[in-house]
Amino acid sequence: MAIILGIDPGSRVIGYGVIRQVGRQLSYLGSGCIRTKVDDLPSRLKLIYAGVTEIITQFQPDYFAIEQVFMAKNADSALKLGQARGVAIVAAVNQELPVFEYAARQVKQTVVGIGSAEKSQVQHMVRTLLKLPANPQADAADALAIAITHCHVSQNAMQMSESRLNLARGRLR
């Protein structure tokens, strides 16, 4: 069993999603958004750090998964996003959580099957995969999708390791 915290970073709204993985079964534990309503960036970063730390304390995840920075057309926005990601990652590292990063395209490919999927498609698939009564809000759905991606990637890595181990055992006999 593992609890995974997914984070969809932003400088004003940070989505989070928490799921439990038992074997191949995924279950929803919680999701939402950290909203920073102050204008100055240092205060927003402080709120992000405090919010992520609070979520970690509440859910006690085993793994922390976050979306990688994409290259935005606006350099200022990309820098602010990078700082928000950094603060969230520091919150995880301070709690000694292993951090995993996934590209947005990989998350969409894993959850929807199309790397260029729309937000509404991600919301629908997250709802379906986690058996939720309604679509989660967009940023929370993205965070849940990041957590789901981590489960799939780690599951595949474990299967590959087992296959290699079985091959090695076969050669040793």
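Cβ atoms are placed via backbone N, Cα and C, with glycine included.
Per Swiss-Prot, active site is recorded for D8, E67, D139. Marked as Mg(2+) 1 binding site by Swiss-Prot on the basis of sequence analysis: D8, D139. Positions annotated as Mg(2+) 2 binding site by Swiss-Prot: E67.
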All-chain count of other Cβ atoms within 10 Å of D8 (active site): 26
Sequence-distant neighbours of E67 (active site) in its chain (C-beta under 8 A, six or more apart): I7, D8, P9, R85, E101, Y102, A103, A104, V107, D142, I146
For D8 (active site): DSSP state (helix, strand, coil): strand
All-chain count of other Cβ atoms within 10 Å of D139 (Mg(2+) 1 binding site): 23
Where E67 (active site) falls in three-state DSSP terms: strand
